[in-house]
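Engineer: Quick one: this structure, given as structure tokens, is what I'll be asking you about.
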């Protein structure tokens, strides 16, 4: 455990220190115009190892020949590596590396490959050892164009194989991957096994998902495309276009215009350029004057576009972001160049096209000053600064190629694979085959700290520096190291970026976006239409009561049972519990009405009891009037069961009390109606019906009818009793607690039974409405039942058209209205006579009225 923590601590310390010691800002001055004819030039060298030491001025003569050439930077790297090896007593002792020939454009004049001899034959100073240079193995270092390397190989394979080995320092090409077809050819450039992952990690860091891709139309381009798609699958990265450019397209001007329009005018802001398409892209931007190029170019090689005719500002061009294999920093290269070139004037040293960098502690600040100054002022300011030189990518490959040759020969000498002089070249082929075997297996760490594998079949997890290239002017270029990609970084974070350098390089706090569709904010979901790429979608609002609480969600989520979606539909809110309470204005109004009607009924009952001996009270059975008033009072009071937080007992009492109390009231009205009819229709003392009236038979109607209602209620409670229910859907954002009737059929049976009693009472009262007026209650009973039936007939459609607590309110209002109708129609006229016209409530007055 402690060992693991120690390793983790050291790794983080290493990464932290790297942020301070890595140079981040590089610059160079180029006074020569870069023209189209320079695109794709090559320079090659043939090296050999000899037993004779080199002359003191050997490298001086070599560099004096090469220092005026366009590609002399390659010669500088070559000679620097050779000098480093020749001076190293532990590597290839008693042998020296020499340049036998320079081929191609190395003299700045010659176009066709023409050899130049730099080393003359000498007698070996070592006794008993004969050295014939013509019989020794040679090493061709060619590049940077793979076509030229291929032409060299075809020539060498026909005449000199296997006595000469070819090492290419240009970009890796899949053409040379077959060891059987090219057994003596080695590519020093890495295979880019992690390049696709590095680019995808970088793109994903900035949340870009709409990318353009320009690749060569060959096997290497196809392989990179497959790898890039594989790494992009889980990152939701799509391609706005994929342009596969053939090397022959450069011959047709109409193709350049077509590609220019397709690439530059595309909807994406980020374009990846890979493989041998750089020269073609360079040519496109030199043939066509670019418009405002607000694009980010991700490359694996420095590009010199957009134009050489004018300076480029940050508002029109973002520069190029280049992924270069990570290398350790070179030490002593500046002193080597100054020594061999005999530079004394700083301005001459400045104009060398190699990249320079400032001292570590002043890198960022000096780079900022350089970007803010004009070209002339920058040149004067640079003459006063301290800086060092660095290698280009091709120079690094040349450096590694020279060291690979030295290590292969050194290992062969250590194992004494060939410890005798070769006699007149008879064993030259065998000797070179052994050299090839050691070269193929060569694995070493160069002086820069970089590991070099010559076996291309070994899969390396490469590290990359992320570089921002920028042309401040026609002659001044600048590049900044924005970060590093490494598959070995902890916590799965493959990219480590310097935020301060990104802002300094781009001039912006935030990188421009490159997306096909804007993000769908919370509250929306992504929908794809037919034919759309995975990154192109439309944002659709979430359905009702569903939410999306993250950006770019594909599906909205249902809120939990007791929660609901807010207006923005980006979060669920706890639903409020609601019911018809006394605090509710509607509940308060209904409760007040029920209380007032109950109180009024009690007052009427008290008045009737007080005036129980008056004719109007005694008429039509005084006991039935008392019973009716009491049942009406309970009808009003049962409304309170419907108000407040319900529970199981309350729910049962609501319906049972309502059904039984109303049955008693309506059956009492029926009994009074029967009494009226019997009182006026059965006037003959000899008739049997008179005995029913005298014996009080109508009074049995009440218990019989009530008993039948009790039976119906008992069945209801036994089969499906009322219970507390939760209504989550009626009112948005609220949970309504109501009493579920359990069985709607039972509830309507109760109402139907009441309707039958009311209709019976109404029918009998209607038949007796024309009887003598003095003691006739038939008209009042008729109107009371008419009001009762009208209320409950209206109740049915209104009840079914409402939801939640309003259903309860409708039921309460129907109870109050029907009860008030009976009370008002039957008892209010009598109360009016008792209290306001007492003279009419006397036997004498009644007799006078009957007489007349």
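Including glycine, each Cβ sits where the backbone N, Cα and C put it.
Summarising the annotation, TrEMBL assigns signal peptide to 1-18. Taken from TrEMBL, the feature transmembrane segment applies to 586-611, 623-644, 656-680, 700-719, 745-768, 780-800, 812-837. The domain 'G-protein coupled receptors family 3 profile' annotation in TrEMBL covers 586-850.
Provide an account of the burial state, proximal residues and distances for the features listed.
Structural biologist: Residues belonging to the domain 'G-protein coupled receptors family 3 profile' (586-850) score a mean pLDDT of 82 in the model.
With a cut-off of 8 Å between Cβ atoms, the residues of this chain six or more beyond the transmembrane segment (700-719) that come close are 627, 652, 655-656, 659-660, 663-664, 666-668, 670-671, 674, 742-743, 746-747, 749-750, 753, 757.
For the transmembrane segment (745-768), same-chain residues at least 6 beyond its ends with a Cβ under 8 Å from one of its own Cβ atoms are 655, 658-659, 662-663, 666-667, 669-670, 673-674, 676-677, 680-681, 705, 708-709, 712-713, 715-716, 719-720, 776, 778-779, 781-782, 785-786, 788-789, 792.
Beyond the transmembrane segment (780-800), the same-chain residues lying 6 or more positions past its ends with a Cβ under 8 Å from any Cβ of the stretch are 666, 669, 672-673, 676, 751, 754-755, 758-759, 761-762, 765-766, 769, 807, 810-811, 814, 817-818, 821-822, 824-826, 829.
Only residues 6 or more beyond the boundaries of the transmembrane segment (812-837), in the same chain, are considered here, and those with a CB under 8 A from a CB of the stretch are 590, 593-594, 597, 600-601, 604, 607-608, 611, 614, 616-617, 625, 628-629, 632, 635-636, 638-639, 642-643, 658, 662, 665, 669, 777, 780-781, 783-784, 787-788, 791-792, 794-795, 799.
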